[in-house]
Amino acid sequence: MSEAKTPTPTPPGDTYKGWVFKWTNYIKGYQRRWFVLSNGLLSYYRTQAEMGHTCRGTINLATATITVDDACNFVISNGGTQTYHLKASCEVERQRWITALELAKAKAVRMQAESDDSGDDFPSSSPRITQGGGSQNSEVQSALRTLSNKVEDLSTCNDLISKHGSALQRSLAELDGLRLTGEAGDKIRQVTERATLFRITSNAMINSCRDFLTLAQTHSKRWQKALQAERDQRVRLEETLEQLAKQHNHLERAFRGAAQANASPDNKGAAGPGKGEASDEDDDNEFFDAMEEAPEFITVPADPQFHKRSSSSISGLNSELCADDQSLNEEPLAMNQESPSQELVPLKKRRTRIPDKPNYSLNLWSIMKNCIGKELSKIPMPVNFNEPISMLQRLSEDLEYHELLDKAAKCQNSLEQMCYVAAFAVSAYSTTVYRTGKPFNPLLGETYELDRKRESGYRSLCEQVSHHPPAAAHHAISDRGWTLRQEITVASKFRGKYLSIMPLGTIHAVFEKSNNHYTWKKVTTTVHNIIVGKLWIDQSGEIDVVNHTTGDRCHLKFAPYSYFSRDVARKVTGVVMDKDGKAHYVLSGTWDEKMEFSKVMQSSRGGENGTEGKQKTVYQTLKARELWRRNPLPDGAETMYYFTALALTLNEPEDGVAPTDSRRRPDQRLMEEGRWDEANAEKQRLEEKQRSARREREREAASQRTSSQSEEGAPHDNYLALWFERCEDPITGEEIHIYKGGYWEAKERGSWENCPNIF
């Protein structure tokens, strides 16, 4: 397993290396690693090829203890921070390593003691050098110490030779005193002469080694002086380059100021010395580029001249927006005053709490180990992973910030309206930041209504229109001039460490007054640390919000979270452009906190993107204004699944809802009440009932299938939705389910005869 070396004492300057088995963990056990012992340090690598670039670990033998466990195992530890449990291929190999390690440790301890005693012999002449120069100086000192140790070893050997040689000569002299004659006496004299000659030779060798050490120390001082001169020269060059960079930056700002002054002759007075002073004061406003992932554009504060030119228009815009906000706040009162003869009924008081989440332990791996690679909707999950709402209710939760659509409906300008629609698209993700629980998979035919017409002016209806693949249709209409509809199919995969959720489908927003029709799609949601660690959620991808009436477009980018990024986490950026591709607004913010928009006054091509070589667009913008901000969570939300104020009311029991409404689902209700064992049993019953119903539909379809039925086509599940009908979308051309009406009329009549019994 290692190189064939004998366990002879190895000087610390030499190396001893070979393959040894190292304990890693209880899953992988012992793994073969390449160990290198050199200069009192024991390092290891995964392969010999890693020696040039990647060291997996190093332990200093000067402070380490070496213990032997059994015939092949031994342990090296430095007191708790580092411990290597090693195993050699055989007992002989283990003994070779132990011998080499013990000798290297003794040498390292002696070298460390001598270094402490002679630390002032070669002081550094410049306290500024702490990295490169310090490492080179330590290498020189280490080489000198190694040479010195070798000479001392030879001196020790010389002392021993002298000692034993003197004893040998005394013994020979005693033999010579016996007055032996003949051949025996000649032999004794011959041995005495050879011993004397050997002692003289060893003394000469020791003296030569001392001369070599003195010479090396003399040259070391010269090397240190030359090295220090190189260090000083490098520092001077770095300072010169820094000064040149500052001068170049200053000249570049001055050039831009002069170019802007020439471009606007009507503002020559504003572009004089005062302009130059403003450039110096705005150093912090210089645009920058993230090193991890270069942005597609850069924003810089607009020139003051743009503020002066557009002051009237901006003030008009502000007053218009303020008027919109005020009208929105007053509208509920106006709605109540539309019919004076109608008796005013107080609004229903919604609940603000649900039972606290129980603290049940669960062996996660025992469930997940058989689920890798499967689709999430086909995995039988206990309610321990759920939150007590269904996917239909979670879809309705997109209306948490419906007021953004209310404001968009009042906008006269389609580009301003686009800003609010884009902010609404981002706001839908703000409720997911702490929500690591999985919503209940809706049963086929399950519905959910969210009637907030009296409080907020809108009504929403969802229906599960397909089970394999799972698809939910959603339709919401508001008295304030907008309609929202979507059909979302969720594709999800469990990858072992994380869970990816990919919503498929298009969201439509239509405004009655302007007839503007917007569409966009959702980004990918990723749940990290499924097996080990704390669960956390990230959103990543890109969204294109398109106005099919005017051709306006907004491109939103959700930056994925990175441990190495210096940028703000959960960042979202976007640009609102007209049909000709001209930018009018820049959006920025985070999907979990807020979004802001800035009006673009001028755009130009800027510096190059180093990763792709493309030029980035520089937008000069006015001061950013807030579009949307996340509402704070209710008190005690951490014990209530981190539900928002709206989410707390979604599963609140209500009279008059359809028998298929999610509020009537028994397993979901039991989980909300904290009765999880009963909820698990009820969940299994409902899923088995759904499977039986599907098998029955398949048998009926097989026996009664006709060509006309196949054309009308209930897809996938041979199921015809009750409140939605399948047709071709006139905008996207997709086959989707669109609300066909009748639900709210049926609710007013209280007639639910056509609703299936799914619970």
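One-based numbering along the chain as shown.
The backbone N, Cα and C atoms fix where each Cβ goes, and this holds for glycine too.
Owing to the predicted nature of the structure, the values given are computational and were not obtained by experimental measurement.
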150-184, 220-254, 570-604 - the one TrEMBL records as coiled coil: 220-254
Secondary structure content, the domain 'PH' (13-106) (per DSSP, counts of residues): 24 helix, 44 strand, 26 coil
Folded-back contacts onto the compositional bias 'Basic and acidic residues' (661-702), same chain, C-beta under 8 angstroms, at least six residues removed: 354-358, 360, 380, 382-384, 386, 388-390, 392-393, 440, 442-444, 446-449, 467, 651-654, 709, 717-719, 758-759
Averaged pLDDT, computed only over the residues in the coiled coil (220-254): 78
Per-state residue totals over the compositional bias 'Basic and acidic residues' (661-702) - DSSP helix, strand, coil: 37 helix, 1 strand, 4 coil
